[in-house]
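Listed in TrEMBL for this protein:
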type     : residues      : note
DISULFID : Cys152-Cys188 : disulfide bond
DISULFID : Cys320-Cys357 : disulfide bond
DOMAIN   : 218-347       : domain 'Lysosome-associated membrane glycoprotein 2-like luminal'
DOMAIN   : 366-397       : domain 'Lysosome-associated membrane glycoprotein 2-like transmembrane'
SIGNAL   : 1-27          : signal peptide
TRANSMEM : 364-387       : transmembrane segment
Amino acid sequence: MCFRLSPVPGLGLVLLGLLLGSFQSYALEVTLTNSENATCLYAKWHMNFTISYETTNKTQKTVPIPDTDNATYDGSSCGDDKNGAKIVSHFGPALTWTVNFTKKAPNYLIDSILFSYDLSNSTLFPDAKEKGIITVDEAVALEVPLNNTFRCKSLTTDRRDSVVQTYWDVSVQAFVQNGTVSKKEYLCKNDRPATTVAPIIHTTEPSPTTTPTPKGKPEVGNYTVSHGNDTCLLATMGLQLNITQEKVSSVFNINPKTTSFTGSCQPQTAQLRLNNSKNENRFYLKEVNVSMYLDNGSVFSVANNNLSFWDAPLGSSYMCNKEQVVAVSGTFRINTFNLRVQPFNVTGGKYSTAQECSLDDDNILIPIIVGAGLSGLIIVIVIAYLIGRRKSYAGYQTL
């Protein structure tokens, strides 16, 4: 689930990413060889694209990238000391994704990523107002040591113009030496372990964590993702962000009226992002990725790709009307209100039968009440029986 939130007064730009998962997922993988049939470039990665465009009747449509397992790589090249390397991925006749590399010893550079799409293709972009090829250029300029594989398992999202590009589980090595992909890994910033800082000992009593100013429940928003003319994903929820930073807690309500969102649906993946489930018959919240600017100008970022919330069977919806806390980390929580979500098998644009959270299940009170009543009745009967026996003994005195 990926939300791009527009600026909220007093909060700054908020980018909130939630990942829902299903069982099947697949990766793109390409191995280029040189004239000696030795591996010269290797890459394996997951990615998603969504493209928004204006139709002739002035409405906005959002389309996802087609199934990436049908990608072709014509035009890709190994490169050398003088010429750059590149991976060129074609997703049908209308979409081309290119990543460029240059060699600059002792490093190689991931220079840029280009994404081109042809709005003249009426099959992929029906009723598009604008025609012709649009190219989105993302400068990367990332240096990686030669004979190292760049790895980034974390979720990376880039939004430029009307295109949202998302990558994860990336492994790539350009200018492979001696035909063997290196086992040495150069990790992206988000995959690196946090640096341990020596504690500062204070002579004064440390101040306690401040309690955030109470806020009312956030407004509930409705979010719909369509694939063509069919609704493929529904979500209804109120969102509240709870951040603790330097023992100061802050609570922010997300306003759906000032919130924009994007999404996509494919047979095994969807964005409100669907990936890797516990089993093939259920879905659940797998990952949360958040970056936001705080009032003091600092940036707060947190990600957790090992969550397990909102579990429900595929083909059903998950519902929790009461406040539910999603603990992303020790310093960040998301409070949801009146939540309902269904990422798969949406029929007729309506939610299927809901699996309710345990917080909403009031039926458990009935057996508790009945059990307590029966226990009380048994106790009364036992006491009455004991009193009756004592009175009976009192009637037969020894002469």
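One-based numbering along the chain as shown.
Glycine is no exception: its Cβ is also placed from the backbone N, Cα and C atoms.
If you take the C-beta of Cys188 (disulfide bond) and look for same-chain residues 6 or more apart in sequence within under 8 angstroms, you find Phe150, Arg151, Cys152, Ser154, Thr156, Val170. Taking the Cβ of Cys320 (disulfide bond) as reference, residues of its chain lying under 8 Å away and at least six apart in sequence are, in sequence order, Trp310, Thr336, Leu339, Arg340, Glu356, Cys357, Leu359, Asp360.
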